[in-house]
Amino acid sequence: MGALADQLYLLIGIGVLGLLLIVGLVGTAVRRRPRGSGADVLARPDTDEPQVADAGGGAATATAEAPTLEPTLEKPEGTASRLVRLRQRLSGSQSGLGRGLLALLSRDRLDEDTWEDIEDTLLSADIGVAPTQQLVERLRTRMRVEGADAASPRDVLREELINLVDPTMDRRLQISGSDGKPGVVLVVGVNGAGKTTTVGKISRILVAQDKTVVLGAADTFRAAAVDQLATWGERVGVPVIRGAENGDPASVAFEAAKAAVDGGYDVVLVDTAGRLQNKAGLMDELGKVKRVIEKQAPVTEVLLVLDATTGQNGMIQARVFSEVVNVTGIVLTKLDGSAKGGIVVAVQRELGVPVKLVGLGEGPDDLAPFEPEAFVDALLG
Ligand SMILES: Nc1nc2c(ncn2[C@@H]2O[C@H](COP(=O)(O)OP(=O)(O)OP(=O)(O)O)[C@@H](O)[C@H]2O)c(=O)[nH]1
């Protein structure tokens with residue numbers, strides 16, 4: 001009887017083990033389910049209809065046989081570590097300007113030559129003529145009036161630079177729609193300024209904040225830009241709406257907004273083409289893109305992307321775009337590659353809208369909110 005019971009227990013044990021093994025295998029198969037096929041995501045559509053490059057969960061069958069097909073989703077860098085890293089990078093590229101100014105202001109005698117040197121230093125950092133004169137005037141007055149009572153030159157310079165950059169501007173991205181609609185961010189700028197990259201980087205920031213995002217690849221004139229955006233989306237599981245090459249950008253923008261509304265997404269980011277050959281064409285195109293999007297949901301933010309290394313050219317672009325669309329925020333890219341951070345001041349003055357984000361590298365998470373105090377501290381080293 002005892003031996004029979006032992007055998008019975010053994011059989012039950014083997015049965016349970018077998019069951020666990022089967023459950024385990026099925027579980028693995030389900031977890032390994034590919035989130036849409038990589039080939040489908042990047043396949044070029046052969047119709048004019050915009051296609052969804054669904055990187056986030058297209059129909060897929062459960063299979064344990066092809067685990068290599070599984071796209072590994074990246075986890076975007078968290079806000080805290082990103083900001084610490086990027087502040088250091090900002091400091092690395094911009095501190096020459098602050099140190100130069102500080103050395104001049106700390107001289108025992110602030111004579112006319114010194115003030116001229118201060119002016120030249122500011123002008124060579126692309127701050128612009130009027131803001132330079134204003135800053136020099138403020139510094140001269142304070143150093144004269146406050147005299148020995150003045151705070152240290154560093155503190156005076158810090159305060160005046162922060163005033164110049166204007167800490168009162170609202171720099172939050174308007175990404176919240178109303179009435180249950182998604183927020184719509186239209187990204188404009190000339191080709192090469194870093195638009196597509198910026199759209200990709202913003203999507204990662206939003207994903208890190210648990211927002212659901214759709215990308216619209218409305219830059220249909222450059223196939224590579226569309227592919228590039230599809231890759232950005234694929235890496236973080238964000239669907240990308242794309243159209244046929246040279247198709248109608250407005251139709252892609254419309255479909256992207258529609259997908260976001262229908263799918264209950266939080267935000268849709270639309271990348272546009274930035275051909276500047278004539279203002280009327282650009283106006284027609286961007287105007288149409290905005291109008292068709294607004295059949296679905298109001299545009300909540302129009303971001304102008306400018307390359308910080310282009311100096312006066314960037315200012316001309318800023319003027320043209322602001323005449324064509326109602327720009328609500330500026331993204332300054334490539335600040336890592338330019339010591340001319342003064343463009344922040346110049347472009348804000350020119351357009352009357354705040355710099356909201358700065359690009360500080362080619363890495364996927366190298367985009368930071370623009371913070372006046374942190375910026376000035378980076379300048380002063
Ligand atoms: N160093 C640096 N490079 C950047 C930054 N932002 C973008 N880039 C680079 O600038 C180049 C152009 O960026 P894109 O995003 O392709 O520019 P675009 O404006 O979309 O141009 P099209 O795709 O031609 O419309 C790429 O090599 C980017 O990696 C930045 O903040 N710092």
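Every residue, even glycine, has its Cβ placed from backbone N, Cα and C.
Pulled from TrEMBL:
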- 6-27: transmembrane segment (TRANSMEM)
- 36-78: region 'Disordered' (REGION)
- 60-71: compositional bias 'Low complexity' (COMPBIAS)
- 189-196, 271-275, 333-336: GTP binding site (BINDING)
- 354-367: domain 'SRP54-type proteins GTP-binding' (DOMAIN)
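Sequence features annotated in TrEMBL and their locations in the structure.
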residue	record	CB count, 10 Å
Gly189	GTP binding site	28
Gly192	GTP binding site	12
Lys195	GTP binding site	25
Thr272	GTP binding site	31
Arg275	GTP binding site	14
Leu335	GTP binding site	29
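With a cut-off of 6 Å between Cβ and the nearest atom of ligand 1, the binding-site residues Gly192, Thr272, Arg275 reduce to Gly192. DSSP assigns Gly192 (GTP binding site) to coil in the three-state reduction, placing it in neither a helix nor a strand.
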